[in-house]
Structures are given as C-alpha cells and as structure tokens.
Amino acid sequence: MAGVEEAASCGSHLNGDLDPDEREEGAASTAEEAAKKKKRKKKKSKGAATGQQEPDKEAGASVDEVTRQLERQALEEKEKDDDDEDGDGDGDGATGKKKKKKKKKRGPKVQTDPPSVPICDLYPNGVFPKGQECEYPPTQDGRTAAWRTTSEEKKALDQASEEIWNDFREAAEAHRQVRKYVMSWIKPGMTMIEICEKMEDCSRKLIKENGLNAGLAFPTGCSLNNCAAHYTPNAGDTTVLQYDDICKIDFGTHISGRIIDCAFTVTFNPKYDTLLKAVKDATNTGIKCAGIDVRLCDVGEAIQEVMESYEVEIDGKTYQVKPIRNLNGHSIGPYRIHAGKTVPIVKGGEATRMEEGEVYAIETFGSTGKGVVHDDMECSHYMKNFDVGHVPIRLPRTKHLLNVINENFGTLAFCRRWLDRLGESKYLMALKNLCDLGIVDPYPPLCDIKGSYTAQFEHTILLRPTCKEVVSRGDDY
C-alpha cells in the first residue's frame, strides 16, 4: 500500500512543476502516440485476418477441385457401365445427390430361369414378336398372291386388325417360352400330374392369368402311345412317364379369347424319330397349302399324300404311317376353340374355302395302328356348349357348378383338376347333370388300337389380308 501512495504523490508533484503550455504539448504528443499505436494494432489485426482468409480460400478451391474430379470420375464410370445405378458413396453429399438424380433408366426385363416374368412385362411397349410370315400359295390358274404384300388396301385392312394379331402374338410367345422350359426338365419317371401342373403353373405366370381376359385356353393334353388326344390326368392318377412312351403335349394359351392351339410330341427313345418326322412334315405341308380361297379338302389331300409316303420301323416291324382320319384341324374363334370349319388330314373332305381374316389350327396325327380313334378311358376334358341357350336347372349343386364354370372358364375347355384347384368338391353328379342337359359337352380320350403309336404336331395360323402368319412357330418346330 505505501509504495502506491508514493508513486501517486511523485506524479502529482511533477505535474505541478510544468507550465500550462508544456502540459498541452505533452497531452497532444501523448494522443498522437496513442493514435499511432491503434493504427499499428489495426494493421496487425488486418494482416492476421488476411493471413487467415488466404488459407481458407485455398482450402475452398481445393475442395471445389476435388468435387469436380469426383463428378468427372462418376460420369466416366456411368459411361463405362450403364447398368451401374448407385454411387460409390466416397464423394461428398452434393455428388451423391447428383448421382441419384441422374440414374440410368432400367434396361428391358429379361426372362428368369425358371420362367416367371409375364410376357407383357418383357415387352412393355405392347408390341410382341411376329410369327413366321409366308406368302400365300398361288391360285389354281397360276396367279401368285404377291400383290397382297404391296396392296395399300390390304395393308390398311391388316393394320385395322393389328390389335387382334397382337393378342395372338402375346399368347404365342408365352406358348413358345413354356414349351422350351418343358423340354428342359421333362423326363421318364415323372408322374403325368406332376408334368401337367408344373407346365400349367408356368403358363399362368407367363400369360399373367386374369380371369377370362388372359389364361389357359384348354387343359394340358399329355396323351400317351396309342392315345392320340384329350387325355389329362384326373386327381389320383398315378400314371408315370416311361422311357419308351410317346407323349403328345397339347396345350393352349389365350389373351382376350384369342387362342393359340399348338402341340408337339415328346420321345426319349430314338426309334420313334421317323414317325415324328413324318407327322411334322405333314403338318408343315398343311401349313404351306393353307391360304385364302383354298379348299379345305385340298389341304387334307396334300397332308395325306406326305404322311403316307413315310414308313417306320419299330421293334423290328415296319409300318406305313397312317393319318388318323377322324381327327382334324379346325378354325378358331374368340373364346371358341372349334369355330365351325374343319381341316381334314385325308382326302375327300369339305370343299368349303378358307377366308381372309380367319384363324386356323393346322394339326396332323400319324399312327402305326388303324388310323381311326375311338372314345376310351376316363373322361377329363369338358367344355360348355357355345350355342346353348337358357336351360332351367332345378338342383342347387348343379346351378352352383354352372356358375363356377361361367365365371372361370366361360366357353373355354376345362378339366376336373381345375375344378379341384378352385376348391370344388363332390361335383361329379352335378357335372354329369350338366352333360345330360346338353349344357356341357364331355371330351373323353381318343385312342387307336392298343399297341399302336401315335404322334401329333400342330400350329396356329393367321390368314391376314397381306400374308399368312404361322404365329406359333418357334425355333423348335
């Protein structure tokens, strides 16, 4: 405390000894020095601030450069790999956002293995692959039909029905993919029920089953050996496919009632190869001969001539291949598998002519037996009569079954397994009642004599105004 008082008294004494002018000059010089000190401090602070800002600017510039490099790198990676849609995650937030915004469009879907992607999803533009387009055969007087392909009128008519043709093509593409899938796994030792259900499950997925708008056109036929057509297993059928069997796979798909009816024959023993070749050749001959204004009987005659030109040797015996004369091809209508006209596979049929815009199933059956089939075995195929009117029904169970048929199948064919699948039970008496009333028609298996072998090939053709399209044609047959 004493030291502070002495300094204060010394200061006051010194001030008291100065003149007033000297005091003013001292005060002015002190103020100038203080101002200079403040200026120096400000300069230092400005210099320090400037020194801090310059590194910040350099850091910002380096971040921007890194960002630009990352963006360039991301663009190069996208160009190299169009399928890569996600960012690496190493860049900053802004770069990540840009990558998300600039995602590449997804490429077209591809079919899975086993097939499960609907055909309509594989072709999102709604335009489906065409079948084999052929020029119509020349007329009897030698005139060609080449003019149809260039006629503006015929082109306009063809275009007017493009939506219809497109429905057939979608159903045909489903058929092609299903049968390709079937050939990859069908083998001896499988039960017929297993084969049919596996096929039908795949067909339902690819056709994108939707009530009466899209689905299966008729039950899967898998007729064996002497049985030529209309066999599919009922519940409880334990039949197993054998190495020496000859199996006709006949199944159909439809879009909006536009039916694809197409069949092929499966064998494992090469001894049947010539029989299959004969029937396939006969079917292709029928397709080649078919056309606008062609008589149905002329098609049948050409088919018979080709088929009977083949001989086959099976187990040491030689057979002439015979066309099954009471089985035919047929015209196809909307939701109607047999639309009224028949295409014979022997000579002497109807002289009715094929017409522009019609659709036909050209199918041939060859046999080593008598060449005639008869009803045999337990019935599995049924179809509502297309022309039946209102028929009064008394029994409630029968009424219920008819409602189920109308809602799920309409006038398309069905089988007992499909009724089981819908949860129906104890329906056999009701089904018999519907058959007795003529509302539903039964289609039992059709067989040649025991010990004979039968084969089948079939395609659906469109008689378009400009050309003939074998819409179900594939790489397989």
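Yeah, the Cβs are placed from backbone N, Cα and C, and that goes for glycine too.
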Inset, instruction - Name the one residue among Asp244, Asp245, Asp261, Asp273 that Swiss-Prot lists for the same divalent metal cation 2 site as His330, Glu363, Glu458. - result: Asp261
Inset, instruction - Please pick, from Asp250, Asp475, the residue that Swiss-Prot records in the divalent metal cation 1 site together with Asp261, Glu458. - result: Asp250
Inset, instruction - Rounded to the nearest Å, what's the C-alpha distance separating His338 (substrate binding site) and Glu458 (divalent metal cation 1 binding site)? Just drop the number here, would you? - result: 14
Inset, instruction - Could you name the residues, excluding Asp250, Asp261, Glu458, of the same chain that surround the divalent metal cation 1 site, i.e. Cβ within 8 Å of the Cβ centre of those residues, in sequence order? - result: Gly221, Phe251, Gly252, Cys262, Ala263, Ala361, Glu363, Gln456, Thr460
Inset, instruction - Might you list, by sequence position, any residue in that chain lying six or more from Glu458 (divalent metal cation 1 binding site) with a Cβ less than 8 Å away from its Cβ? - result: Asp250, Asp261, Cys262, Ala263, Phe264, Thr283, Gly329, Ala361, Ile362, Glu363, Thr364
Inset, instruction - Would you please pick out, from the binding-site residues Asp250, Asp261, the one with the fewest other Cβ atoms within 10 Å of its Cβ? - result: Asp250
Legend entry - Sparsest Cβ surroundings (other CB atoms within 10 Å) among the binding-site residues His230, His338: His338
Legend entry - DSSP three-state assignment for His338 (substrate binding site): coil
